[in-house]
Amino acid sequence: MGGVNEIGSNKAVSVATTPPISAPPSQFHSPSLSRSPLLASDDHIQPANKTPRISTPRFVTPLGSPIRRALQLTRLDPHDAWLPITESRNGNAYYAAFHTLCSGIGIQALVLPVAFTILGWTWGIITLTLAFIWQLYTLYLLVQLHESTETGMRYSRYMQLCSATFGEKLAKWLALFPIMYLSGGTCVALIIIGGQTCKMFFDVICGGTCTAQPPTIVEWFLIFTSAAVLLSQLPNLNSIAGVSLIGAITAFGYCTLIWVVSVVEGRTEGVSYNPVRGSTEVTRIFDVFNTLGIVSFAFRGHNLILEIQATMPSDEKHPSSVPMWKGVKIAYTLVAMCLFPLAIGGYWAYGQRIPENGGMLTALFVFHGKGTSQFILGLTSLFVIINALSSFQIYGMPTFDDMESIYVKKKKKALPWWFRAILRAMFGYGCFFVAVAIPFLASLAGLVGGIALPVTLAYPCFMWLKVKKPKAFTPIWCLNWVLGLLGMALSGVLVAAGIYVIIDTGVEVSFFDP
């Protein structure tokens, strides 16, 4: 990582000793390298046609002065100009809202009424409300931690902030697998959901009148994956802002359509709101904890917040946290307008009859497939497909960034376009292979929610304590310790509960048989 030259009265001249490194001319004017004279380090990037030069400081200033603080806020990794997350830093609050909404709401929200079947009305609403407030608070912490006023660093990736806070070894143990799953695993789940919904859409449009042989479910997975791979060729995170906008609109659209149709059609016959109780006390306890995992899994996207904020310009007078938090508030207002009506309206309409697999989407087709307009059913399915394609792009971006960073750090130049296309195609079709091999991945929502929960609810609290160092036993110090420890404890219990429920109730395991 490039650092800032120490400027003092006893050191007037610093010599850059790094040999020239070739780079596309356009990259030298990238927003992430707009202050390149301050990047004198081992990784400093210079045009190939220029020789190392002697840089003389323009001023001598005390360490604590405002000018020195302004200098510190310009510490940027020179490799960032060639990586997809930070290649473009011209984002704004609206882009942040598009990305955050697209990543923050998805098909997992449709199973929230399933949690109510165990928790009941009162505890279901209380749990959902507390989880929403808790994850919004930790999201605020991440936005504030993106830039360090002490070191001048911009932490543009969740794993980067974890490594800087906990150390590289501990960060890998704590966060590497959850973050990898939240990127690659989510893309696999999106292929499964997208492919299955493509089949549903075809059935609605065809209406049993088509004479052509419909594609198999594996072929639908392949069709969806090919469309996702084609769309993934957009170069960087800012370039998919329009895709995220479409994804956000369709997510809000299908969530609203599903709960409105369910409520308008009225309660199903024989609906019951009595919480489901297991046969033994142990089973009942683990069922409750497993539903808490389902609720926590409904809130996603924290692993992408730092990456989204990294697309924005920032300086001392205009820190990126201001437009980022504005975009987050817009996005999560809309998220609340989707999640709460879905959970409450869905449980009111279907009660204990809500299907565990697919949740509200499956219930819509099972209970109202014949009485509802085919146009509404087709439009809902189409919105789910488009949202899944859009979400694939933003959730795949951290993996694209990781793959390309290996080449960039080794070769000290941008990845060729054809190599980028190959890598992204390999990732997409690799996810397709996993989706075909493990099609029951969506049945593990409770277990996965427990594993990924610290990324959302616990780690931000600990990182804030480590970086900000608040005075011991102050209210904010106590709050973050309590939330962090509670999040870790809850994660362990949810993982145990998820495993117990899988063993007790069973999961229909069908390798290579979607």
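Each Cβ is built from the backbone N, Cα and C atoms, and glycine gets one as well.
TrEMBL labels come from automatic prediction, so no person has curated them.
Taken from TrEMBL as is:
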| type | residues | note |
| --- | --- | --- |
| REGION | 1-35 | region 'Disordered' |
| COMPBIAS | 7-29 | compositional bias 'Polar residues' |
| DOMAIN | 90-502 | domain 'Amino acid transporter transmembrane' |
| TRANSMEM | 93-115 | transmembrane segment |
| TRANSMEM | 121-143 | transmembrane segment |
| TRANSMEM | 173-193 | transmembrane segment |
| TRANSMEM | 240-264 | transmembrane segment |
| TRANSMEM | 330-350 | transmembrane segment |
| TRANSMEM | 375-396 | transmembrane segment |
| TRANSMEM | 417-438 | transmembrane segment |
| TRANSMEM | 444-465 | transmembrane segment |
| TRANSMEM | 477-503 | transmembrane segment |
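Here the transmembrane segment (173-193) sits against the transmembrane segment (417-438); at least 3 CB pairs are under 8 Å, leaving out pairs fewer than 6 apart in sequence. Relative to the transmembrane segment (375-396), the listed stretch 240-264 leads the set 93-115, 240-264, 417-438, 444-465, 477-503 in CB pairs under 8 A. Counting only same-chain residues 6+ beyond the ends of the transmembrane segment (240-264), those with a CB under 8 A from a CB of the stretch are 91, 95, 97-99, 101-103, 105-106, 109-110, 231, 234, 331, 334, 337-339, 341-342, 345-346, 348-350, 360-361, 363-364, 368, 372, 376, 379-380, 382-384, 386-387, 389-391, 393-394, 397. Panel annotation: around the transmembrane segment (330-350), residues 93, 96-97, 100-101, 104-105, 109-110, 112-113, 115-117, 121, 124-125, 128, 132, 136, 139, 248, 251-252, 255-256, 258-260, 262-263, 265-268, 271, 273, 298, 359-360, 363, 367 of the same chain, lying at least six beyond its termini, place a Cβ under 8 Å from a Cβ of the stretch.
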